[in-house]
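Q: Submitted below is the structure of interest, expressed as structure tokens.
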């Protein structure tokens, strides 16, 4: 029967509560008395946030009816409970609770009432009217001094008035129930001190107040980049309303933030979302006090709740009220989303007045951070130094360019404070290691106590002594740690108390309780401030004493000060850019950088020097912050141009592959530029981003290697102009990518033909050759491209002596390769063999690459065969010597198969015969 009836949400809940009550009392039938109890004392609604429920929420409708009919609700409640207890219960409880005929009668009467009153749904008042005519309920009403059911009907009529039940939530008992459910009261939050102080933004707040004071179209929309403080402007307005710092027309208004997610969530049926939205708007328009509705991310309303089958969306429901000025609405959205969603709907857009929220400058950000400092200090229980605030604002502006101030700077402060707090609340390393040691000794003592032999007894005595020593060492450390922790905790609690007192003083002055406000302002607050100063002084004195006696006590164990170093650490962790202060070990490493790089790149002193100087400038902070160091490495093939870049990557990042490499031979066509910076709008792959721009966005501190740069199309190289000059590059979507912290390295073979000229004996480039190479570069590259390069380095040709040094490096590489592949074979190369390899691998035109081929042919091929054959086994030494003028790898074990030997000999002869013919022409660049 109930399946044909349509109930409001509250009536449906009352029926469910009545059924739950019958099950609780183990009654076999559902009776009207169950429904009466459920309506008189409804259970709390779990769908609503009980904490945010309005203070002094009204009593149930049934109670209001009893009171209006001049009855006693308590007597009525007692009579109902008495009747409920008298009902027979079953043990064990019944599996199914059925409806009694009297309950069916009540529902039928409620249904008839609904039809008579032309309501769409059966509401709570229909159920109460039907119950009042039921004999058992009539008896209870008589006990509550209500002799006739008509008194109940009249009371309901007086409360309900002429309202129609045309929606599922039309019979709400609480005033503004929809507002309580779907909005957050920002003025109440400001009153309770739950909103952070708003510093600055006066101009934007004044403009919002001016727009709200208009007669029509009084709806501002705050537009700005993410993180500039759009919501903060509204929070500032809420604080001004609470402090009565607004014009009279806004003096007693409420600022409510609409929760669009809660509004849409759970709206299963068609029309349910619209019903909720209409309920919210109706309550706003019927409210006695002025309500300003704040919708964060207002673009969510465009299409929110639309079913796709002609259903209304939220924006269309708002339009009529916005145009007439009945609804004061503040929106907030980003520039991109405003353009994408709101500008498309001109009718919706014209109802809002734009307020552009600009990004604050670094100095304004510092002021904002100083204002927020106390909140973060109280929350984390740390002290934030002013130097940390200045560092956070400056570093956020310089290194976190993809994000906006003040949001990025606030995040830095917050995370640095959290890091200090976590470090403080974790056990110091020294205590942790001693406790682990003590646990191990206790386990050892427990195990040895069962043993009977003399050695175990002696070991047991020793273990007990060790445990006592560790405990003695640990006791003072624990005491010291607890004392330091206690001091920090006491200070945090004192600060929290001060915050609470200030809040109470503000509340008292707002409420006009001047005596209490004066008492707090001139007695309690100064007293608490004095306590904090005393605690700070005691803590500073204790820390100073510990640091003075650092040799004996080891200094203070915990720190609770956030300084610039902590901020630097967070920036370095986020971006990978080394902005932390140079440690002594790192200083040493940078000072001896040439020595380290020269071990890998042989014979290129000038190139190594120029790269080292650029890195030192960058790390010491003396380089131009807007211009990344850029190099053009020229020289013959195989002289170490790319190798130097790999060595630099290994030096900086401990990984030779930690660089962004572009092989410019892949960028020979003009259109391949879109691969580097991303396809322009309208082209396929517009959203995917470019290889260069995306890599730089992810790793701002990296080495960019443009290999064989002269092979690329001229249009591709022009993109690098602004990258080398201003450290910025714009991708296909118009976003500026920061490239100020990278190192640009380009390699080129231009002018290599001039480098084959006979030079000085040490392989150095003479001035004439240098000029010829520079002319070749000038003839090929644009003047503005060459003019932006920090340093053009011409690599020297490798001499025989340098090739001989490279032999040592290559053999060390082979040894490492064997270890990486779990081959425990040690290679020993005689000095004579090394000289021979150096002589065979020397090629003025091809640099060090022929040496690799010689090593492969003369050593590696033969070594591979011997290892596979078992002539050289794991743990043995492979000796490379010169025999009869040839390089030979000596086997450690005699060969097993003669046929294989003959075959190998034939192969070696064949290799020797072919080798002279396959030798490369070393005079490739000769005219």
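Counting begins at 1 with the first residue displayed.
Cβ atoms here come from the backbone N, Cα and C positions, even for glycine.
If you look up Swiss-Prot, you'll see 224, 225, 226, 227, 228, 229, 230, 231 marked as ATP 1 binding site. The feature ATP 2 binding site is assigned by Swiss-Prot to 635, 636, 637, 638, 639, 640, 641, 642, with sequence analysis given as support. What Swiss-Prot lists as coiled coil is 429-553, and the listing cites sequence analysis. The feature region 'Repeat 1' is assigned by Swiss-Prot to 7-87, with sequence analysis given as support. What Swiss-Prot records for 99-162 is region 'Repeat 2', and it gives sequence analysis as the kind of evidence. Taken from Swiss-Prot, the feature region 'NBD1' applies to 179-428. The region 'Disordered' annotation in Swiss-Prot covers 454-473, 908-927. According to Swiss-Prot, the region 'NBD2' annotation covers 562-752.
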Q: Quick check on the binding-site residues 231, 637, 639, 642: which one has the highest count of other Cβ atoms within 10 Å of its Cβ?
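A: Result for the most crowded candidate: 639.
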Q: May I have the DSSP-based helix, strand and coil counts for the residues of the region 'Repeat 2' (99-162)?
A: 46 helix, 2 strand, 16 coil
Q: Sort out the residues at least 6 away from either end of the region 'Disordered' (454-473), same chain, that have Cβ-Cβ distances under 8 Å to it, and list them.
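A: Beyond its ends, the region 'Disordered' (454-473) has Cβ neighbours at 434, 437-438, 441-442, 444-445, 448.
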Q: Using a Cβ-Cβ cut-off under 8 angstroms and a sequence gap of six or more, which residues of the chain neighbour residue 230 (ATP 1 binding site)?
A: 222, 223, 224, 296, 332, 333, 357
Q: Mind telling me which of the binding-site residues 226, 227, 635, 638 has the densest Cβ neighbourhood, counting other Cβ atoms within 10 Å?
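A: Most Cβ neighbours within 10 Å: 635.
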Q: What's the CA to CA span in angstrom from residue 637 (ATP 2 binding site) over to residue 225 (ATP 1 binding site)?
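A: Each residue's Cα considered, residue 637 (ATP 2 binding site) and residue 225 (ATP 1 binding site) end up 49 Å apart.
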Q: Counting Cβ atoms within 10 Å of each candidate's own Cβ, which of the binding-site residues 224, 640 comes out highest?
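A: Max Cβ neighbours within 10 Å, all protein chains included: 640.
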Q: For residue 228 (ATP 1 binding site) and residue 640 (ATP 2 binding site), what Cα-Cα distance in Å is obtained after rounding to a whole number?
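A: Distance between the two Cα atoms comes out at 48 Å.
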Q: Express the distance between the Cα positions of residue 227 (ATP 1 binding site) and residue 635 (ATP 2 binding site) as a whole number of Å.
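A: Their Cα atoms are separated by 49 Å.
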Q: May I have the DSSP-based helix, strand and coil counts for the residues of the region 'Disordered' (454-473)?
A: 20 helix, 0 strand, 0 coil
Q: Looking only at C-alpha atoms, tell me how far residue 639 (ATP 2 binding site) is from residue 226 (ATP 1 binding site), rounded to the nearest Å.
A: 49
Q: Can you tell me how far the Cα of residue 641 (ATP 2 binding site) sits from the Cα of residue 226 (ATP 1 binding site), in Å?
A: 43
Q: Restricting to the region 'NBD1' (179-428), what is the model's mean pLDDT?
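A: Result for the region 'NBD1' (179-428): average pLDDT 83.
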Q: Taking the centroid of the Cβ atoms of 635, 636, 637, 638, 639, 640, 641, 642 (ATP 2 site), which other same-chain residues have Cβ within 8 Å of it?
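A: These residues sit around the ATP 2 site: 633, 643, 747, 795, 847, 848.
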Q: Find the one among the binding-site residues 635, 636, 640, 642 whose C-alpha lies closest to that of residue 229 (ATP 1 binding site).
A: 642
Q: Name the one residue among 635, 636, 640 whose Cα is closest in three-dimensional space to that of residue 231 (ATP 1 binding site); these are the binding-site residues.
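A: So, of the listed binding-site residues, the one sitting closest to residue 231 (ATP 1 binding site) is 640.
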